[in-house]
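Quick look at what TrEMBL lists:
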type	residues	note
SIGNAL	1-23	signal peptide
DOMAIN	35-350	domain 'Glycoside hydrolase 35 catalytic'
ACT_SITE	Glu182	active site, proton donor
ACT_SITE	Glu260	active site, nucleophile
DOMAIN	397-509	domain 'Beta-galactosidase 1-like first all-beta'
DOMAIN	534-589	domain 'Beta-galactosidase galactose-binding'
Amino acid sequence: MPPDLPSLLLRLVVLLLLSQAEARSFVVDREHDRFLLDGVPFRYVSGSLHYFRVPRVLWADRLLKMQLSGLNAVQFYVPWNYHEPEPGIYNFNGSRDLIAFLNEAAKVNLLVILRPGPYICAEWEMGGLPSWLLRNPNIHLRTSDPAFLEAVDSWFKVLLPKIYPFLYHNGGNIISIQVENEYGSYKACDFKYMRHLAGLFRALLGDKILLFTTDGPHGLRCGSLQGLYTTIDFGPADNVTRIFSLLREYEPHGPLVNSEYYTGWLDYWGQNHSTRSSPAVAQGLEKMLKLGASVNMYMFHGGTNFGYWNGADEKGRFLPITTSYDYDAPISEAGDPTPKLFAIRNVISKFQEIPLGPLPPPSPKMKFGPLTMSLDGNLLSFLDFLCPQGPIHSVLPLTFEAVKLDHGFMLYRTYLTSPVLEPTPFWVPNNGIHDRAYVMVDGVLKGVLERSLKQELYLTGTVGTRLDILLENMGRLSFGSNHSDFKGLLEAPLLGQTILTEWMMFPLKVDKLVKWWFPLQLMKRALPQASSVPAFYSAKFPVFGLLGDTFLYLPGWTKGQVWINGFNLGRYWTMRGPQQTLYVPRLLLFGRSINKITLLELENVPHNPQVQFLDKPILNSTLHWGYNFLLSETQGSFEPMELSGH
């Protein structure tokens, strides 16, 4: 063999690989109104799945079920605030490992439609924007404000190079990337901002990747941009032909694309559970596929807003979103196929081959209990552990953002400097409670005040009476033309006409208390005194037999937060609904040791303080209103909302 033959063969292999890589392409064929994948006509039938709403160990299961349903792509957002909790500090570990999720999608041959924002909506806290942006109170979000662009540029210079190797033409599975999200629904209509983003994406990702925008039918004017492919979103109740004709005004040639075809809808606390009928969803999908359109179904699997990650809307009043993001999607919150999935799969089979064989059966479920919850102590009695660094002092109250608190709870404390002998109205002007205030006088809960609701609360006290206000952040606004959503007391409270001053702010580390300090400190504490909410309750329990998914049911409890073995499961609001159970993946439970459940009940404890674990969810209970709502003058505002975007 000639001595240079091995090197020659190596060069030939390299050239062959390079030629194959160059052959990989995903482009728009405007002449024939279609996509081309590697030069071959292609149409994607995709579904949305959010890795940040599904525990990492379940990603493979959910993606496989999507592929077996006949999908050839998965679409997902990247929430900026999930990955950059503090400026310049990044987290891509564990369930935040975006690259691992891309690899899991590749294993089941799913292409990827990526939506990195910077704003994503997604009913996610602050639409994915990090709340630390609001530490600059004058910032103009989603505009060409230099302060906002500087933060965006810094973030994308970290994120986009990470995904660059996974672009389709580089050998990966990302075929297209969305720039911003439904920008036409935002008040700014700042084309300079959109052009800046488009230029940034091109500079960091190159010219070969397909960049696109998505808007509702009425957002195309401000949301579309020359050089970015325009797509639209709408649901099964909309007229397919009419809406696609609106899209043609902005994208006369190329494939028709519905980037968000709604299989269900989100839930707000205080409204009925949203559903979309399987026949309607299937019929709308078939109409679009007959037109040759590419479709992404939002959502195909919804997942869960664990912890404090839910967003909120403002439509006449503040509407926080539930912990469950089941969405009435084809794959349920617990990952099970639904009749809607099979109806969709049947439609897809008319247009392209679907994988042979059945879908995996529903995962094992279990039920047990009831468990009796024991009082650990009142929240105020743990203040030294909840805020070990001590309070922040200020003449006027400060917001969460001003004290660098992102989520959860903050306690505001002051003392009366003059006697108030007659019941006197306590109030905060200009709707300045964001979002829910639990008002205590000398440690006794006197009532609750809520954002956007007109309520009356009367207090008395003597000189030196302690006034505590526990402020709960219920999730920052996530959709559309909403303004910057600061949390906490935005105005100084008044008692009668007297402005209350000299405040102490205690940013509370509730999750750390539950996970780390409780096991140490409770062993040293005396038995807790009689209950006075807000208070912590807990129970320990074994799980016998085969572990399964389950659903925590809290009959008679009012509102609060739940932890299982230190993991923040999310909010419950049993007395408002519609969600009555919280999804507990089996991976959170220990099969061979003792488990612990902890509740922070904020308002009212049932006479029989028990919880149960069920084998089926309850997401659509009849509503029950607490005393605070009965004081409201806006009872008529709880009505079905028009569809917004995502």
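Note: Cβ is positioned from N, Cα and C throughout, glycine not excepted.
Since we're looking at a predicted model, the values are computed, not measured.
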| field | Model confidence over the domain 'Glycoside hydrolase 35 catalytic' (35-350), averaged pLDDT | value | 97
| note | Taking DSSP H, G, I as helix and E, B as strand, the domain 'Beta-galactosidase galactose-binding' (534-589) contains 3 helix, 27 strand, 26 coil
| Roughly how many Å separate the Cα of Glu260 (active site, nucleophile) from that of Glu182 (active site, proton donor), to the nearest whole number? | 11
| note | For the domain 'Beta-galactosidase 1-like first all-beta' (397-509), the DSSP residue counts stand at 3 helix, 54 strand, 56 coil
| Packing count at Glu182 (active site, proton donor) (other Cβ atoms within 10 Å of its Cβ) | 26
